[in-house]
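Novice: So Swiss-Prot has the following annotated:
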TOPO_DOM  1-51  topological domain 'Cytoplasmic'
TRANSMEM  52-72  transmembrane segment
BINDING   53, 108  CDP-choline binding site
TOPO_DOM  73-82  topological domain 'Lumenal'
TRANSMEM  83-107  transmembrane segment
BINDING   100, 103, 121  Mg(2+) 1 binding site
BINDING   100, 121, 125  Mg(2+) 2 binding site
TOPO_DOM  108-114  topological domain 'Cytoplasmic'
TRANSMEM  115-139  transmembrane segment
SITE      118  site 'Increases basicity of active site His'
ACT_SITE  122  active site, proton acceptor
TOPO_DOM  140-149  topological domain 'Lumenal'
TRANSMEM  150-168  transmembrane segment
TOPO_DOM  169-179  topological domain 'Cytoplasmic'
TRANSMEM  180-196  transmembrane segment
TOPO_DOM  197-211  topological domain 'Lumenal'
TRANSMEM  212-237  transmembrane segment
TOPO_DOM  238-254  topological domain 'Cytoplasmic'
TRANSMEM  255-270  transmembrane segment
TOPO_DOM  271-282  topological domain 'Lumenal'
TRANSMEM  283-305  transmembrane segment
TOPO_DOM  306-318  topological domain 'Cytoplasmic'
TRANSMEM  319-328  transmembrane segment
TOPO_DOM  329-335  topological domain 'Lumenal'
TRANSMEM  336-365  transmembrane segment
TOPO_DOM  366-382  topological domain 'Cytoplasmic'
């Protein structure tokens with residue numbers, strides 16, 4: 001019987017360019033030098049038979065599980081959460097940050113660096129960004145303010161996408177003085193503080209200023225957004241390394257903006273036009289649903305950079321948000337909460353399917369294993 005096989009996500013030309021890819025990074029964040037002492041010690045404690053991708057995956061799974069516990073107790077990002085859950089989230093994020101920082105060191109230590117390792121690392125970061133954003137909103141009880149919940153929920157994903165957008169344009173991943181490490185440490189401190197004081201702590205008013213304590217993390221997020229976005233778009237708008245100032249794939253530097261712009265526009269329209277106040281009643285599920293979509297297109301952007309290929313707008317990732325939009329167009333014929341769950345499942349399955357297919361195809365092409373160290377492999381700087 002003839003078998004129907006799904007087309008592989010990468011073409012032969014893309015795989016060839018992937019072999020030629022060289023990792024390029026610039027800049028050093030504020031806390032990186034002291035953290036390097038800890039990371040260098042930690043990687044020496046890891047057995048040499050443990051694959052770098054295994055470390056990253058373990059960290060991501062722990063980070064996701066601890067955040068899901070927060071969502072279980074606080075689905076609207078307004079409820080009180082047991083202190084132990086925030087302790088677990090702080091520990092989960094610390095473990096993820098630690099393992100994510102040493103996966104490249106483990107790859108070099110075991111002579112197993114590869115383009116797959118770089119892609120895998122960025123892919124896990126894309127997913128982690130979604131869950132950390134939700135956890136932070138729950139920590140501060142920002143769900144009480146839907147507009148701020150929307151902003152704080154999606155701004156981190158937008159900045160992550162922009163970081164790789166400027167990489168797609170310039171060919172180099174740039175780190176700022178205040179970057180991911182600093183943000184993660186700040187969130188860990190917030191988790192621990194909330195574990196001792198409760199979510200209601202952030203609702204306390206500062207006597208002199210007359211504002212809630214929630215204002216300060218929001219201001220920090222706004223400041224980080226303005227600082228990072230300015231740096232990213234300074235690189236993007238000054239032209240890329242391709243022909244006539246184009247991207248590494250010789251395409252327009254503005255093309256990736258269509259992807260993130262479309263998904264955020266859909267998310268905002270559905271939020272504001274919902275007759276059942278979908279976002280207000282289910283903010284965490286809403287952010288997670290659209291977060292899976294953004295994680296998918298962020299992964300595609302990383303692949304496009306590493307394979308020097310065009311980023312196409314047509315994508316199955318938009319099916320879930322499209323269903324929500326169409327349902328609203330037909331006056332919410334189906335309960336929006338049900339459609340949101342359907343969109344969540346579709347978006348999650350689509351993300352997992354794409355990432356799995358890409359990893360398996362690259363591993364097969366490079367003759368390496370995803371979660372174990374191959375005797376022989378193609379060495380790329382990780």
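Note: Cβ is positioned from N, Cα and C throughout, glycine not excepted.
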Novice: Can the transmembrane segment (212-237) be said to touch the transmembrane segment (319-328) if we require at least 3 CB pairs below 8 Å and skip pairs under 6 apart in sequence?
Specialist: no
Novice: Would you mind listing the long-range same-chain contacts of the transmembrane segment (180-196), meaning Cβ under 8 Å and 6+ residues beyond its ends?
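Specialist: Distant contacts of the transmembrane segment (180-196): 29-32, 35, 81, 83-87, 89-90, 93-94, 97, 101, 125, 132, 135-136, 139-140, 202, 217, 220, 224.
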Novice: With the Mg(2+) 1 site defined by 100, 103, 121, which remaining residues of that chain have Cβ atoms positioned within 8 Å of the Cβ centroid?
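Specialist: Sorted by sequence, the hits are 52, 55, 56, 59, 99, 101, 102, 104, 117, 120, 124, 125.
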Novice: Measure from the Cβ of residue 122 (active site, proton acceptor) and count the other Cβ atoms within 10 Å, all protein chains considered.
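Specialist: Residue 122 (active site, proton acceptor) is surrounded by 22 other Cβ atoms within 10 Å.
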Novice: When only pairs 6 or more apart in sequence are counted, do the transmembrane segment (319-328) and the transmembrane segment (52-72) reach 3 or more Cβ pairs under 8 Å?
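Specialist: With fewer than 3 qualifying Cβ pairs, these stretches do not touch.
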Novice: Validating a neighbour-count step here. Other CB atoms within 10 A of the CB of residue 100 (Mg(2+) 1 binding site): how many?
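Specialist: Around residue 100 (Mg(2+) 1 binding site), other Cβ atoms within 10 Å: 22.
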Novice: What same-chain residues, at least 6 away in sequence, bring their CB to under 8 Å of the CB of residue 125 (Mg(2+) 2 binding site)?
Specialist: 100, 160, 180
Novice: I need the CA-to-CA distance for residue 108 (CDP-choline binding site) versus residue 118 (site 'Increases basicity of active site His'), whole Å please.
Specialist: 12
Novice: Any idea what the Cα distance is from residue 103 (Mg(2+) 1 binding site) over to residue 53 (CDP-choline binding site), rounded to a whole Å?
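Specialist: One finds 7 Å between the Cα atoms of these residues.
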Novice: Helix, strand or coil for residue 100 (Mg(2+) 1 binding site)? Use DSSP.
Specialist: helix
